[in-house]
Each structure stands twice: as C-alpha cells, then as structure tokens.
Amino acid sequence: KNLLPLTPLTFSPFVFNSEGNECIIASAKHCGECIQAGAKCGWCKDPAFLKQGEAVSTRCDELQSLVKRGCNVDMIESPKGERKILRNKPVTNRKKGGEKLQPHEITQIQPQKLNLTLRSGEPQTFDLKFKRAEDYPIDLYYLMDLSYSMKDDLENVKNLGTSLMQKMSKITSDFQIGFGSFVEKTVMPYISTTPAKLLNPCTGDQNCTSPFSYRNVLNLTSDGKQFNTLVGQQQISGNLDSPEGGFDAIMQVAVCGNLIGWRDVTRLLVFSTDAGFHFAGDGKLGGIVLPNDGKCHLEDNVYTMSHYYDYPSIAHLVQKLSDNNIQTIFAVTEEFQPVYQELKNLIPKSAVGTLSANSSNVINLIIDAYNSLSSEVILENSKLPSGVTITYTSRCKNGVVNGGENGRKCSNISIGDEVTFSISVTSKGCPNEGMSDTIKIKPLGFTEELEITLNFICGCDCQKVGINKSPLCHSNGTYECGDCRCEDGHVGRECECSSNDVATEDMDRTCRKDNTTDICSNSGDCVCGTCECKNRDNPEERYSGQFCECDNFSCDRSGNKLCGGHGRCECRVCVCDLMWAGSACDCSLDNTTCMASNKQICNGRGTCDCGICKCTDPKFQGPTCEICPTCPGVCTEHKECVQCRTFGTGEKKDTCEKDCSYFTLIKVKDRDKLPQPNDAAYPVMHCKERDANDCWFYYTYAVNNNTVKEVHVVDSLDCPAGPDIIPIVAGVVAGIVLIGLALLLIWKLLMIIHDRREFAKFEKEKMNAKWDTGENPIYKSAVTTVVNPKYEGKC
C-alpha cells in the first residue's frame, strides 16, 4: 500500500525533432547504454525491427519515434523508476499537558524512510511533511566568557537557572539547562605565563582564578537551583588580548555530547561574551600550528588540548554544529553585535541578540532568539552520490510557494503549523556503478531525519535473460534484447567475423550495388560483407538499405519542411499522411478550406485544388471565389424590384410584375421583425436603400434551404422630417440684431479710444508750453535802443 502510483506509458502524435535527441546522439550499442542516455529513450528489442543497413544503435530512440517506425509498444524496453515508502509514521498531534511522551516518541517529519529507484534523467518526486510539535523538550547550554570584563555579567547569570526555568515552562514542560565557561588558550601571548599571573591574572587587589581554555561546569540538568549554586561559585579570570578563545569551547560543547548530556531534542547553545573571537590560524601566535581535530578532549570537565590544537575554523564549526543538531544563540554586547551578525550569516540556524551592559536582559534575549530560530525550518541533505541532484519546493503558510535555494526553507512557523516540501531526486547515467546508496534529509537543528535508499537502473530486463554464446551470434556473443552483443575481437550483425577480417576484396564485392565502384553507395562501411551505414551530423537523418542507397532526408520539401511536414521520407520518396498528397506531401485533400459561406465549394464558381480555390469565373476572386469587385451589390441589384413591389414606386413600377416576380416578398411592421443572421439557418443580407424622395426603406435578401429567394421588407418608409420655419426665421432676425448691436458697440469703443488719445495729446502739448500766460506771444515793442560804441560812460 506504500507503493506510489506511476504514470502509465502513453504516446502522443510524433514529429521529428532534429535537435537534442539524446537517445540517438548516445549511439548506444546495447540496451543498458540506451536507457542511461535519457528518460525519454527506449530500446526496441524486436528482432525484425532494423532495416537492412541500419546500425544496432538505431534501436535506441525516443518512444514515440520507435512506435512510428513500427516497433510494437510491447517490444520496447523503457524501465521506469519508482518510489516506495518504508516508514510513514504520522506527525505527532499532542497538546501541552497531555500525554507524556519520550523524545524518541515525538514525530515532526513524515515520512521517515523511503526507497527510490532512479532511472537516468527521470526525477522521482515525493512530499516531506514537517509539523512543529507542541511541548517539545529543550536542552539549553549556557557558555559564558569569564574574562575580567564580564565580572558584572556573572552576578546576573548566577540567578539565571531558576528564572529561565520559569520562563521556559511556558514553552515546554521538559527543559534542561547546563553551564560552561571559557577564557583563552593557556600559552603566551594570550595570557601571561609568569607564576604570579598564572595564579591570579588580574591586577591590583582583584582576586581572580587561574586562566583556562574551557570548563564544563554543569551538565544538562532539570535542576535550576543546582545551576544557580554552581554558577554562584564561579570566579572571573583574565587574559592579555581582546579576542577570546570561544571557538575552542563551542567545538568541545558540540562534540562532547555524552559528557555534556545532550538528548535527542531541541539543542540550544547560548554563547555569551563581550569580545571578539580567535579562529583558525591565530594559534600560530602561540606556536600552535596543528589544525583542530574536531574531537572531544575533556578531562575532569576541562579542555586539555588547547595548547596543542589550533582554534577551529568557522566552516569546521558549522559542520560540527550541524552534525550534532545544535542551534546557536550569540548573546553579545552592542559593540560586537555587527561582528557576530556576520558570523550568524555563515552559521545556519543561529541567532544574535544584544546583551545589556550587565547581562540583565539575557532571559528575554534567549526567549526571543529561541522563538526566532524555531519559527524557521531549513532542510539540508547529506552528501549526494556523483551524478545525483536534488531540488526542493516549499509550500509554506498562507499559500506561499518557494523554489530554488529558498525552496529549502519556510519561515514564520508557529507551534502546531504544518508545512510541506516537494523534493525531487534525479540521477544522470549510472551513479556509483549501480550500487545502492543512502542519503539523509533533515531539518536543521532537529534530530529527526528522512533516510532515503537510492537504487539505480543501469540495465534492461531483457539483458537478464540474454543467451551467452548463442548460436544466433555464431557463439561469439550474447543474444540479448533482439540483437547480438559481440565479444571482443568479433564484429558483424551476428558476430560472424573476426575484427581482423573485415576488409577483404571478396567481402567488399558484396557491398557494391550493380557492380559499381562505390562501396555502400559511399554512405557506409563494408563490415563482414554487409554494409553498415554511416551516421550523419544530424542524428535524425539516416542512411538505410542493403547498399545504404536509401535515406530519410533527400525527399522533396515544401515550405522548407521535409515532405511538407505532412509525411515521412522513406528511401528518398515521401510517404504522405492521410488527407495529403503530392511529391512533397503539400497537397491537402481536405476541402474545408475551400468552403464558401454559402456551404458551396469555391462558391460554385471554381475548383478546389490542394485546398486552394481556383476560380473558373474570371469575375470572381478570393480564397473561396466570393469576391466580385465588378459585380453590383446584392442590395443594389434588388433595390428597384423591392421598391416597386412594396411601395409601387421606382424605375420599374411599370414593369414590376414582369421583372420582379423572381422572389417571395414578406412584409413586416418594423426593423426588429426582420430576420437576423444568427437566427436563420442560411445566410441573410441586410439592406438599406433610399428612394427619389430621400426616404429610406429596409429589407433583407436570402436564399433559403429550399433555394427559394426570400425578401423581408419593412412596409413603411423612413422619410426625413421637413424643416421648422419659425425657429429658422427667429434665428436669422436675432442674428441680424445681435450683429448690429455688436457693430455699434465696436464703433463706440473705437470712438472712446480715439477721444482719449486726442485728449492725452492735448494735455501733453499744454505741459510743454514755455511762455507766460500774461503776454501775447506775437507782440513786438516799437522802441529801439542804440548804444554808441565809443561811449565809455564818462561825463
């Protein structure tokens, strides 16, 4: 019941595709090679399938092509992959305070175990369901920097155990907490190695404990009071440089699971510091060059190899944290928050929170970080075998669908929410030499995983029943899948020849047609006295025949398509599809394209030749011989007869009975009563004409199914109404009066402007006058005064 249904083998109409036929390009020599070429490839095992001259590789082709070429569906080998669910335990639906379950009894992913059988190029897709379980157990390990700068922080952490227990009880009823501390490597130049400083690395009267790399103070426990007691006994230490050796501590916490007490539940590591970090390569300062080995080195709960192994690299930490399903919360001061934010981007399922100066907000920070981490699920897979690829598509809350790299994750997941991932696994060729392999998929930070066993299809069923040393192959090969698979050193369709005897003159003679000089028509090779035709650059083009004299690409073309796209080329002659004819299969025998609107072939005025009308009446043209530019319109042609028979007017009123009796006249009251094109079962022409009195009349002309000509006409004329004299006269009079008033107003306006200009000119001349207004400007005195030039004014 766990076997998922497979898609049945179906075939659709085939057209040749000259590009990208991976089946032909592979030039497969046997069925196994063929099915590894691609998911669309099949092998025809019918012994009589190959035409004379065709190579064995032509048995391999796309399924539709094989069927079209005459291979029965039952004779086609095309194995399909399958999906089988081996373990499918439903996800847990448990409420807090309900049934008490052990961690291994809680299920958050479904299914848990699959068996996939993969064929090259054929993806196998399945759904992985994830649901956050309510009241899921949590282990939290608090790793704290105990360098001197964290002295005030230690005081606030001493009561963290019971306080955090109370807060976490709202999330889970099964919570454990542990504590560890770190300072730095115990070598120069990270610490002072003088005896006094080794005892008390702090200055002045400060009493500090000896420096150490990492110390596990408290294994994970559900006793919050014990946490408070042991943390209260801790003392601050000191070192010389600013960065700390926290990476050494994180590595030991991750890999020493048995000593720390990690359970297979949600694992949280809170890393609290107010400084940066050393990483791989920094150990050279102290003469430490040996890379970190990623193993546990705790003795009496103290890391003993800090002086021997270098700091771990970030990538090494990412691997170990992921392998041990640990989610990291970096609780750091605001100064170093940007540094650890960049580190968080490199470590999946990690979070960063900003500590206050004295760590008083550490509980809220942990709760917020946990909610952030648990609201996102990210899938990861173990290393894939060479040639195997995997893709993810996530279907998250509110109908959100993601693909690509984002297909691995879903965000904003609350407790009890269920999301689904569609996972597709594809192989190429025959990975791992056909041996089975196992991969695992799991959500980051969770211990549960999906185990997938991969099986690879590398051969065909017909190969399993092959006859070794078969007489059909002259005992020089294996008869399998309809043909011989020759042993090394033998060739020929039936392995009848030694590879050293394939080019003799006697054998070449049988490869010449009509004793010509051309061997295999210059289109093949003579192998063991039989022509094996050459392959062309285009894999869809083939030579065939006893002497390779035939091909499937030299036929006539139409529209730049071989056989017009309506047939196949066999031995240089087109074999047309049904309803097509001609040397290039370009002559359609379907007359529907010649059907005129009156349901007659070419409107009765032409013949249909290859789907195209050839008009016999020169007056008519168009695709169906319905267009006649020189013919009078139907409406104009019948206008006079309709007019005389309905209204007794028009040019034919005197000869109406003689000339106009060829149609049946039906009168209607208004235009709505006229037949409509959609209502009638035959074409109807609507007409609108005008008589000598400028009156319109409306009618329709049609030929019914009994070939009777019918005219429906509206029995009343639509004449234009006469003009209304009073408004016209009133309008003319009003217009004249208004025009007169307008002219008077314009004249008056011009006179006012002129008078104002003249008055302004007068005022200007008056201002420019230079004589006294009391004198006459034309008065001249009669007195003349003469002065004696010799007179000097002496008496």
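Placed from the backbone N, Cα and C atoms, the Cβ positions cover glycine too.
As recorded in TrEMBL:
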type	residues	note
DOMAIN	30-460	domain 'Integrin beta subunit VWA'
DISULFID	Cys34-Cys71	disulfide bond
DISULFID	Cys44-Cys60	disulfide bond
DISULFID	Cys202-Cys208	disulfide bond
DISULFID	Cys256-Cys296	disulfide bond
DISULFID	Cys458-Cys462	disulfide bond
DISULFID	Cys528-Cys563	disulfide bond
DISULFID	Cys576-Cys585	disulfide bond
DISULFID	Cys608-Cys613	disulfide bond
DISULFID	Cys610-Cys656	disulfide bond
DISULFID	Cys615-Cys625	disulfide bond
DISULFID	Cys628-Cys631	disulfide bond
DOMAIN	635-724	domain 'Integrin beta subunit tail'
DISULFID	Cys641-Cys719	disulfide bond
TRANSMEM	725-747	transmembrane segment
DOMAIN	748-794	domain 'Integrin beta subunit cytoplasmic'
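When the domain 'Integrin beta subunit tail' (635-724) is classified with DSSP, helix, strand and coil residues number 20 helix, 27 strand, 43 coil. Sequence-distant neighbours of Cys585 (disulfide bond) (same chain, 6+ residues apart, CB-CB distance under 8 A): Ser558, Cys563, Gly564, Gly565, His566, Gly567, Cys574, Cys576, Asp577. Take the CB of Cys462 (disulfide bond) and look out to 10 A: across all protein chains shown you find 16 other CB atoms.
Neighbour counts were taken at the CB atom with a 10 A radius for the disulfide-bonded residues Cys60, Cys458; the maximum falls on Cys60.
By the criterion of other Cβ atoms within 10 Å of the residue's own Cβ, the least surrounded of the disulfide-bonded residues Cys44, Cys528, Cys563 is Cys528. The CA atom of Cys208 (disulfide bond) is located 108 Å away from the CA atom of Cys613 (disulfide bond). When each of the disulfide-bonded residues Cys576, Cys615, Cys628 is scored by how many other Cβ atoms sit within 10 Å of its Cβ, Cys628 comes out lowest.
Within its own chain, Cys719 (disulfide bond) has Asn693, Asp694, Cys695, Trp696 as residues 6 or more apart in sequence whose C-beta sits under 8 angstroms from its own. Just so you know, the Cβ of Cys608 (disulfide bond) picks up 20 other Cβ atoms within 10 Å once every protein chain is counted. Packing around Cys202 (disulfide bond) is summarised by its Cβ count: 16 other Cβ atoms lie within 10 angstroms of its Cβ, all protein chains included. Of all the disulfide-bonded residues given, namely Cys202, Cys528, Cys610, Cys656, those whose Cα is no farther than the 10 Å limit from the Cα of Cys641 (disulfide bond) are Cys656. For the disulfide-bonded residues Cys256, Cys296, Cys610, counting C-beta atoms within 10 A of each C-beta gives the highest total at Cys256.
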